[in-house]
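Feature list (source: Swiss-Prot):
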ACT_SITE  LYS220  active site, N6-AMP-lysine intermediate
BINDING   ASP218, ARG225, ARG240, GLU269, PHE302, ARG374, LYS380  ATP binding site
Amino acid sequence: MNGAVLIADVVATSAAITATRSRKAKVAAIADLLARADPRRSGADELETVTAYVGGALRQRRTGLGWRGLTKLPAPAPGPTLSVLEVHEAFERIAAPAGAGSQAARAAAVADLFGRATAEEQQWLRGVVTGEVRQGALDSLVQEGLAAAAGVPLPEVRRAAMLAGSTVAVAAAAFEGVAALGAVGLQVGRPVLPMLASSAPDLAAALARAGGDEVAVDTKLDGIRIQVHRSGPDVVVATRSLEDITARLPEVVEVARALPADSFVLDGEALALAEDGRPRPFQETAARTAMGAGVEVTPYFFDVLHLDGADLLDVSAAERAAVLERLVPAEHRVPRVVTADLGVAEEFLAGALRSGHEGVVVKSLAAPYEAGRRGASWVKVKPVHTLDLVVLAVEWGSGRRQGWLSNIHLGARDPATGGLVMLGKTFKGMTDEVLAWQTERFLELETSRSAHVVHVRPEQVVEIAFDGVQRSTRYPGGVALRFARVLRYRDDKPVAEIDTVDTVRSFLG
């Protein structure tokens, strides 16, 4: 059944968003498009599809398509006729084939879809498949547009999306009103977006944000973020990107089932330890959670979001900590000290570093659990300054690096526009093993190339160490990193969680 909104409408909105740097104009364009998909007229399916598409994403997690499969397309249609629902149904058919004959079936479905699309629509469809739709419509902008279109408060939309795990999941509820959004609550077994920490250059700066009040200082473990849900015997273990990894971590499931409660939601880290109790290299923990085989991991928890029918998101961190202490034994809690004294905090940080950990996270004791938000309530402090950035492009190496992709172009999020801002390049910190891996990885993400540069889909997150930040007119963000070097690639982190250019600017002297 054809929907009222055409894919041409999405393409036009995408172009309008790309053409302006004004956040207000971007939000207005998104709101206008979403209003045309009002579910009270055309149903929730169309609205959810439009919401996903204006954010530059498909509703299917995987389609089996890559940019190489889109190099030979049929001639474009002379005029726009495709609805968003027809495109969604086409991608359902494209994603479905498996087994013998699946490639031919997928190719036929692709040819049928693209043959019905205009030249502009073909370009947009190719971009959304390959991740090139960079109109700056990040999720926060889509949420603002949804709130405006539905006439509901933005905080209500944000909260519901965080608890449901996506904006698409609550789009229809927004048009039903505040009561429907308020009915979206934490559901045991359905992961929520995790609370995130901002950065500070040192402990003094982190404690200053608390205004002299006592804070919790947690050890920052160098593991994989996990969220553990239990309802009776049923346990779900999810990553920070909400991927279900329960089957890969039976030892975490065992710990969860042993806790003295019927239902709960815990936030924490999974960490692989050496025989002396020190953390193993991060790559070993990451490999274990990704593949389900390898070294054993131990869960450590630092927060509780729900216990036996009671949601705890809105209670203070101090109250949640008391609940956590009653529920989880000390050997599975992240080490913590509560203090307002800088000397005590610095001594605790030194002890964490001696034990092989990354640093500390300073947490307000009065704050609620702000799912999906990065704010001043949690502040991480590490002796080595690091940023999580995204790779925008890579340059071919020379000399002994001939034939390898070497110099990576680094980008941060611009919260003002929703786009990505380049901060500089680096080829430092790369072993031969890393060079070989990233060459293969970035060729998989390639979208185009020039003589020396391979442009890639902005999907790969990299953790960068740096010595400082300086003002620069060379890059659009007005800042550049000094002595940037690769610490590691972070396959566990989605691009939505990379650092902002504002965070980078906070490190200016």
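Glycine is no exception: its Cβ is also placed from the backbone N, Cα and C atoms.
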| field | Listed binding-site residues (ASP218, GLU269), ranked by Cβ neighbours within 10 Å, top entry | value | ASP218
| field | Local backbone state of LYS380 (ATP binding site), from DSSP in three classes | value | strand
| Max pairwise CA distance, angstrom, over record-listed ATP binders ASP218, ARG225, ARG240, GLU269, PHE302, ARG374, LYS380 | 18
| With every protein chain in view, how many other Cβ atoms are within 10 Å of the Cβ of ARG374 (ATP binding site)? | 17
| message | Which secondary structure state does DSSP assign to ARG240 (ATP binding site), in the simple three-class scheme? | response | coil
| request: Indicate whether ARG374 (ATP binding site) is helix, strand or coil by DSSP. | output: strand
| Given the binding-site residues ARG240, ARG374, LYS380, which lie close to the residue listed as 'active site, N6-AMP-lysine intermediate', meaning Cα to Cα within 10 A? | LYS380
| note | Cβ-Cβ distance under 8 Å, sequence separation of 6 or more, same chain as PHE302 (ATP binding site); the residues meeting this, in order, are ASP218, ASP267, GLY268, GLU269, LEU324, ARG333, VAL334, ARG336
